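Student: Submitted below is the structure of interest, expressed as C-alpha cells.
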Amino acid sequence: MPLVTTTEMFKKAYEGGYAIGAFNVNNMEIVQGITEAAAEEKSPIILQASAGARKYANAAYLKHLVDAALEIYPDLPIALHLDHGADFEICKSCIDGGFTSVMIDGSSKPFDENVALAKKVAEYAHERGVVVEAELGTLAGIEDDVKVSEEDSSYTRPEEVQEFVDRTGVDSLAIAIGTSHGAYKFKPGTNPQLRFDILEEVAKRLPGFPIVLHGASSVPQEYVKIINENGGALKDAIGVPEDQLRQAARMAVCKINIDSDLRLALTAGIREHMAAYPDHFDPRQYLTPARANVKAVVKHKIAEVLGSSGKAL
Ligand code: G3H
Ligand code: 13P
Ligand code: ZN
C-alpha cells in the first residue's frame, strides 16, 4: 500500500488504548531493522526524519529507503513524518516531497507566534492531504545540536491547549510532561516520574484528540552496559521507565517518539562486534548484529510498551 497518514492510526490507537511508535530513521540499516520488526509484529508504524537526518542521508535517499520498505512490506501501514520541522519552508519541502505528516515545532516561540506558524503549515498541509503535529511546552535535551537546558524547559500548560488546537487546526499535539531528548533524561538516584496529572488535564480539555510524547526512549541498560564494556563511556544514561510509557499509551498518547534507543542498540551491536573481532573491517559484518539489535528493540517496544502488535490487521 502507499504511505498513509496518521489519522486512522491515531483514531484506532486512541480508542484501543495503545500508541503508535514513531522511530527516527537515518540510514538503511535503521529503516530495515524497524520495518522488519513492525512487519513481524503486524504493527502500524511511523518512520520519521529530522532535519539532521535529511542533512546526513540526503532527503532523497531517505524517501527512497522508505519506498523500498513499502514495496517489501505491501501490507504494512507506514506513515512518513517530518520530525521537529523548524519553519514553514522545511515543512513545505517535505509535504511537496511526499511525506504524509509533518511536525512544525514552534514550541520555543511565544504562544501567538507558535499559533500563527502552526496554522500556516496546517493550511498548506491539509490542502494536500497531509497531517500536522505541533508542540506546546518545551522539552529539555538535545536535538540537531540545539541544547535546551532544564531551566529553559517547561511543562505544557493545559489551559492553553484547547485554544491552540482551535486556532491552528493541527491534527495532533506534542506536550511536555517530563520527558526529554537524548540518553540523559534523569539524574541518577532520582525517581523518574512523568506528570500524568498534566496529561489527564490535557485529555479532558481535548477529548479524543491525539497527544504525542517526544523524548520517550527508555535507554535500555543492557545496551548501555554493552557499550561501556566495549570501549564506550556513557555515564549515567537514564531513560523513561517503560511502565510509564505504557500508561501514557493507555491514556491520550497516540504517538511515542523513539530515537535514542535505536542509536544505543545500533552502537552496542557495532561495539560488541568490533571488540570480539578486531580483524573485521567489512561493514556488513558489524552492521548485521547492529541491525538485528535495532529490530529487537523495536519488536520489544511494539509488543511490550506501545501495545500495537497485531493492529495492522
Ligand atoms: O528529537 C530529536 C531526534 O532524536 C532527532 O535527533 O536531530 O539529532 O536527528 P537529530
Ligand atoms: P529520544 O531521544 O528519547 O529517543 O526522543 C526522540 C524524539 O523525541 C524524536 O523527536
Ligand atoms: Zn522530539
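Backbone N, Cα and C atoms are what each Cβ position is placed from, and that goes for glycine too.
Remember, predicted model here, so these are calculated numbers, not experimental data.
Straight out of TrEMBL:
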type	residues	note
ACT_SITE	Asp83	active site, proton donor
BINDING	His84, His181, His214	Zn(2+) 1 binding site
BINDING	Asp105, Glu135	Zn(2+) 2 binding site
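Looking at the shown structure, what environment does each listed feature sit in?
Tutor: DSSP assigns Asp83 (active site, proton donor) to a strand. Listed in sequence order, Ala22, Asn24, Gln48, Ala49, Ser50, Ala53, Met103, Asn257 are the same-chain residues six or more apart from Asp83 (active site, proton donor) with CB atoms under 8 A from its CB.
In three-state terms derived from DSSP, Asp105 (Zn(2+) 2 binding site) belongs to neither a helical nor a strand segment and is classed as coil. In sequence order, His84, Gly85, Ala86, Ala134, Glu135 are the residues of the chain that are 6 or more apart from Asp105 (Zn(2+) 2 binding site) and have a CB within less than 8 Å of its CB.
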Student: Using Cβ atoms only, which residues of the same chain lie under 8 Å from His214 (Zn(2+) 1 binding site) while being at least 6 residues apart in sequence?
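Tutor: For His214 (Zn(2+) 1 binding site), the qualifying residues are Glu135, Leu139, Ala174, Thr179, His181, Asn257.
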Student: Near ligand 3, which of the binding-site residues show up if the criterion is a Cβ under 6 Å from one of its atoms? Options: Asp105, Glu135, His214.
Tutor: His214
Student: Please list, in sequence order, those binding-site residues from Asp105, Glu135, His181 with the Cβ less than 6 Å from ligand 1.
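Tutor: What lies within reach of ligand 1, judged by Cβ under 6 Å, is His181.
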